[in-house]
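Step one of this worksheet: look at the structure below.
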Amino acid sequence: MRPFSSLLSQGSNSYICNSCRRALTSTVNTDPTKQHRPRNRYAAYSTASVQSRSRPIDVAIIGSGPAGFYSAYRLLKRLPDARITMFEHLPVPYGLARYGVAPDHPEVKRCTDTLENLARESSGNFHFVGNCPIGDCPEELPLTAVTPYFDALLFAYGASRDKRIGIPGEDLKGVVSARAFVGWYNGLPEYADLDVDLIAGDTAVVIGQGNVALDVTRTLLAPLEELRKSDINEETVEALSRSKVREVKIIGRRGPLQAPYTIKELRELMNLPNVGFASPPEGWEDLLQVPRKKLPRQLKRIAELLEKGSTSPLEHGKKAWQLGFLRSPTLFLSESGEKLQSVGFEKTEYERPLVDLLTGDPQSDLNALRAAKVQPTGQKGLIRTNLAFRSVGYQSEPLAGMEEVGVPFDVAKGIIPNDRWGRVLSPSLGIGGAASALTAGHVPGMYCAGWVKRGPTGVIASTMDDAFLTADVLAGDWEQHALFLGGGGGKTENDSVGRAGYKGVIQEIRRRGIRSVSWSEWEKIDAEERRRGKATGKEREKIRRVPEMLRLLDS
Ligand code: NAP
């Protein structure tokens, strides 16, 4: 591995994307062990000098998205002889970086260079095991079959489901999950055959005002010639070229200062050629309520951008979009009970006038305005549409078999309970009998990072920070002889024996007849995608179906 500081000085060739680089510069020169030293009762090591370990650690990372690859990168930085095996359920790596980032954000996708370089330069201590879902179905690898080969498991498998709103009609034809739509236009195999009717009407409604909602809107309205240059699939471009959608309404239950969109994504929509922005019917004064000069800087910039509107005037635009505020969805309506005809809302209002929340301190004003609550007014309304996207956030799920290996899952929060540093907290004694073998506190050798650790919020740079934190803590625990899986650690006899790691688990995988995919095989898929992309003048044309990927490898 090259030293971290050299990566930061590589200019545009660096394999850390720019936003991640900005986040990094604040931490790179500090000692992470000290910076992230746990202060709570789960602290497992001190900073006193320790005897180094007699053998390298074997770590299994579950998930190859940003949380997984930044954890791997950092672990190898901290423990250069660590042996890492990265499991991925698809034959291809990168998770959300490949399948969640919008096609017209290629600079964000560059974060995948981290893993590419790591795999190339790791001199045999990194192994990718693709097409190997962890679970208890046929052709899946049970967690109980993974743990015997490793000192530690690091769960970094992200959020594989979308949240539901919980209102009637959510399953009608025409109500589409934004996660599924994003997967479809990004070539995610799970949604290769998603049925999105883009020709049923000219208006689409998006519920939720986060960055996913803005990505969906931009993809629906952006000029095709721009999208065509990206790595968006040709099949998707074909479907979008037939789309009749001319207007998108993005609806939020709170106001313009509370919506979680960020200014960069708002600005991109405002700058779309031939797309006009329609101001909300209430007018900005009623919605913003606070004199602009009293707004914290970040919110003032958002307010000014919204008031300024789009670069293409609405009346000249061929297409349009609008933000609808203070409207809470109540139901999806259909007379036939099959196909969506309209979306029902209830108007909301701020619980307290927004000016009453101001104290004059910019940070507390920002927090208070962002967190402002609303209440229902009883006033109802309808928007006629045949196409609505639910974009109210993502959700992580437990992996089958977690309980058997002593790893709990908090279903209400959608996370693996952890001590904020990435150590998995042990379930209360007695739950499913699993905890009896565990010490109180954290589960030895079990760690988590990314959305499954802290919930599905934050951009890739925040996931990187979070993954670095977990990797630093794991490395620190190892150096400090904390207890790991199978009793490894604590200067016991097991410590010098070591685990079989990749060599052991790959035999297990073969015994079970799972057709796993190695990094060099992924490179073959990658090369083929790039070859196909070149033919149409773009970076790559993704292969959308797993059987086709495997046929390519086995041909
Ligand atoms: P999000 O940012 O959490 O936004 C969810 C939206 O859904 C909010 O407007 C929320 O309103 C609303 N909502 C939640 N439950 C609702 C309900 N029951 N009824 C009505 N509205 C409801 O989620 P996201 O857009 O899926 O994004 C997830 C994360 O990925 C975010 O951190 C985002 O920044 C990140 N991301 C970043 C990019 C990028 O950097 N370009 C792109 C995509 C995603 P309330 O605020 O009132 O709860």
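Backbone N, Cα and C atoms are what each Cβ position is placed from, and that goes for glycine too.
When the candidates E225, E265 are compared with the NADP(+) site entry in TrEMBL, which names Q209, G210, N211, V212, R253, R254, G458, the shared residue is E265.
A C-beta separation below 8 Å, combined with a sequence spacing of at least six in one chain, links A67 (FAD binding site) to A156, G158, A449, G450, W451, V452, K453, T463, D466, A467. Checking the binding-site residues A67, E88, L96, I134, W451, I460 for a CB within less than 6 Å of any atom of ligand 1 leaves no residue at all.
Ranked by how many other Cβ atoms sit within 10 Å of their Cβ, the binding-site residues L96, I134, V212, V459, I460 place V459 at the bottom. L96 (FAD binding site) sits 12 Å from V212 (NADP(+) binding site), counting Cα to Cα.
Using CA atoms as reference points, the binding-site residues Q209, G210, R253, E265 were checked against E88 (FAD binding site), and the closest is G210.
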